Amino acid sequence: MTYVSLADLERAARDVLPGEIFDFLAGGSGTEASLVANRTALERVFVIPRMLRDLTDVTTEIDIFGRRAALPMAVAPVAYQRLFHPEGELAVARAARDAGVPYTICTLSSVSLEEIAAVGGRPWFQLYWLRDEKRSLDLVRRAEDAGCEAIVFTVDVPWMGRRLRDMRNGFALPEWVTAANFDAGTAAHRRTQGVSAVADHTAREFAPATWESVEAVRAHTDLPVVLKGILAVEDARRAVDAGAGGIVVSNHGGRQLDGAVPGIEMLGEIVAAVSGGCEVLVDGGIRSGGDVLKATALGASAVLVGRPVMWALAAAGQDGVRQLLELLAEEVRDAMGLAGCESVGAARRLNTKLGVV
């Protein structure tokens, strides 16, 4: 089947996934106000295109963390991808490799980080801070040894947000899906009505990260450390002072603090505040190449895309993810050209205006 929009892939995923697994992917925390706001915020951003530009050689490539990428985009970390397709993370990594796009291996991946990184391409590793600091730093070492190019340190999960869909469903992992990077025990598989077994188990495994945790990670690796989950300008400035190679402006896809400001709302302020001191990425609600253009016009180095990649994985495995990335590449190039931009650098010089949705 050919998909012409990301919405097509969402519908296809909904058709094939069990309801509780689709809810695990789609849901946010609490009333899902931040989840909805992520889309609303993007829809309010309008780009002011430039005309009469030379568009004979439009390129969507960027340099990020010292290497070339085909798009101003990376695959976001998503846990337990074998929930959505038997090949899970391996299918996503292969498609991202072939598309020239970085992909982020999650601490809670359902295939080991070494197996995923062996696919090649541009793997990054996402780190959750565990109660045992030694285990956290061991994951960093393993990621570096496996060839990962950056450590994406998620800092907005002292514990999981209240994800009511999962609680109502009594969501638990099926026996054939595990956290492959460490012995996670069996708690996440124990189904209890009114309780998310995944959230309950995460609360036992995770610890709140602090600036001291950031320093410990930086001291343990030569890789760029990217802090994911930054929303306050003050935290962005401190991240630069702490030596972060990048930040991801993010409210965790609306899955942590319900009511947290959308990342796209804070992006311009944060880009101005860090003043080139580190790479600034953004995520939350990216659903088209036009959204990627909006983010770059607001100053983003790149965007992270999560849920749509999982829709594609569920719909058609590696081929689905390939189609998604090809579709986004086509949409990004099209949007850039229509805005009068021959490069991502030119897109970052576009002006924007907030409208009413």
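The backbone N, Cα and C atoms fix where each Cβ goes, glycine too.
Swiss-Prot lists 1-357 with the feature domain 'FMN hydroxy acid dehydrogenase'. Residues or ranges marked as FMN binding site by Swiss-Prot: Gln126, Thr154, Lys228, Asp283, Gly284, Gly285, Ile286, Arg287, Gly306, Arg307. Under the heading 2-oxocarboxylate binding site, Swiss-Prot lists Tyr128, Arg163, Arg255, citing sequence analysis as support. Annotated active site, proton acceptor per Swiss-Prot: His252, in sequence order, evidence recorded as sequence analysis.
Structural mapping of features recorded in Swiss-Prot.
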residue: Gln126; record: FMN binding site; DSSP (3 states): strand
residue: Arg163; record: 2-oxocarboxylate binding site; DSSP (3 states): coil
residue: Lys228; record: FMN binding site; DSSP (3 states): strand
residue: His252; record: active site, proton acceptor; DSSP (3 states): helix
residue: Gly284; record: FMN binding site; DSSP (3 states): coil
residue: Gly306; record: FMN binding site; DSSP (3 states): coil
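Around Gly306 (FMN binding site), taking its Cβ as the centre, 21 other Cβ atoms fall within 10 Å, counting all chains. With respect to their backbone Cα atoms, Gly306 (FMN binding site) and Tyr128 (2-oxocarboxylate binding site) stand 17 Å from each other. Cα to Cα, Gly284 (FMN binding site) and Arg163 (2-oxocarboxylate binding site) are separated by 17 Å. If you draw a 10 Å sphere around the CB of Arg255 (2-oxocarboxylate binding site), it holds 23 other CB atoms from the protein chains shown.
Checking the binding-site residues (Gln126, Tyr128, Arg163, Ile286) against His252 (active site, proton acceptor) with a 10 Å Cα-Cα cut-off leaves nothing. The binding residues for FMN are recorded as Gln126, Thr154, Lys228, Asp283, Gly284, Gly285, Ile286, Arg287, Gly306, Arg307; their greatest pairwise CA distance is 22 Å. Taking Cβ-Cβ distances under 8 Å and a sequence gap of 6 or more within the same chain, the neighbours of Ile286 (FMN binding site) are Leu42, Val292, Ala295, Val303, Leu304, Val305, Pro308.
With a 10 A radius on its CB, Arg163 (2-oxocarboxylate binding site) counts 24 other CB atoms from all the protein chains.
Taking the C-alpha atom of Lys228 (FMN binding site) as reference, the shortest distance to any of the binding-site residues Tyr128, Arg163, Arg255 belongs to Tyr128.
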